[in-house]
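Worksheet: one structure, shown below.
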Amino acid sequence: MKRVLVNMKGYLEEVGHLTKLNPQDAWLPITESRNGNAHYAAFHNLNAGVGFQALVLPVAFAFLGWSWGILSLTIAYFWQLYTLWILVQLHEAVPGKRYNRYVELAQAAFGERLGVWLALFPTVYLSAGTATALILIGGETMKLFFETVCGPQLSQQRPPSISYQPLSLPSFSASAFSVLNALGIVAFAFRGHNLALEIQATMPSTIKHPAHVPMWRGAKVAYVLIAMCLFPVAIGGFWAYGNLMPSGGMLNALFAFHSRDIPRGLLAMTFLLVVFNCLSSFQIYSMPVFDSFEAGYTSRTNRPCSIWVRVNSSSHICLSLLHVGPDKEAVEIQLQLVFPLGLGLVGNCFQLGLFDWRYLEYGE
């Protein structure tokens, strides 16, 4: 009799924790398949977390120096890992409910209407801004590629005297803003939070095998690899060029200082790898924008998107992003990268802190 009661109790607990699936999720690109596992989680988190921003990290070290540069990079890395863990746990914070998107989590925290207003614009703006930045960086890198392959050899010499002292600026305000800009570059190198819930939404979840277990296992593997990418690039780049690092980062440094002593094929392959990374990341960061559009379409028509609607909508979005700043100079491109995406990053981090507080306050 005792065994029967125990089995019945376990059955009732499992029934009470059954996830209620939204039929609309089967029509949307992010949640139409739930066959993910830890390997997919590691792959997607790695692609979402490593990008062209890592190539600009030595520029931050030129303003911060060795000690503060390594310290700020380490703090930012562990803060990124901690906040990612919060998002992974919040995905199924309420039994029987999965928050598959940032907007759904905001609605649970702030209400239906306010949550949409607080989360929809920053997430779409961040995804679209990142996709636009990837187009700009990919185009600039392709320009370097063609100049390397088709242009004449340059005559720049190797860096003469390298100094590791932070750059001295004429005024206190200029120094303060340069330090803040360097810290912004370090923070800008860490990304992927706006895709964490979407990645976890592709995994099956039961009471015995919740989705946060494979997601966190894959995220830990991914962030070990991310650390193996970011720290060597930042430390090695600053060690090689010191405060002579160009404002464009490692790519400009390679082109400016080593176009004579590095084979053209190797230098061109380096630029092509960055282009391939931009193309791959563009697919991942554009997905929330596509998903938001299709969610609005399916909620109004109560039917899934046809293949023609999906192709036309995605093509329209990609062409819209392609027309943003096609002829900008390098300095203007950097401003477009740091300023718009910085606002979206700050907004998402602020909301994430509120989510954490509300979850700890009312989670029980």
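Backbone N, Cα and C atoms are what each Cβ position is placed from, and that goes for glycine too.
As written in TrEMBL, here are the features:
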type     : residues : note
DOMAIN   : 35-152   : domain 'Amino acid transporter transmembrane'
DOMAIN   : 173-304  : domain 'Amino acid transporter transmembrane'
TRANSMEM : 50-71    : transmembrane segment
TRANSMEM : 77-94    : transmembrane segment
TRANSMEM : 114-137  : transmembrane segment
TRANSMEM : 221-242  : transmembrane segment
TRANSMEM : 262-282  : transmembrane segment
Intrachain residues whose Cβ lies under 8 Å of the transmembrane segment (221-242), provided they are six or more past its termini: 38, 41-43, 45-46, 49-50, 54-55, 57-58, 60-62, 66, 69-70, 73, 77, 80-81, 84, 159, 162-164, 189, 249-250, 253, 257
Beyond the flanks of the transmembrane segment (262-282) by 6 or more, those residues with Cβ under 8 Å of it: 47-48, 50-52, 55, 130-131, 134-135, 137-138, 141-142, 144-145, 148-149, 251, 254-255
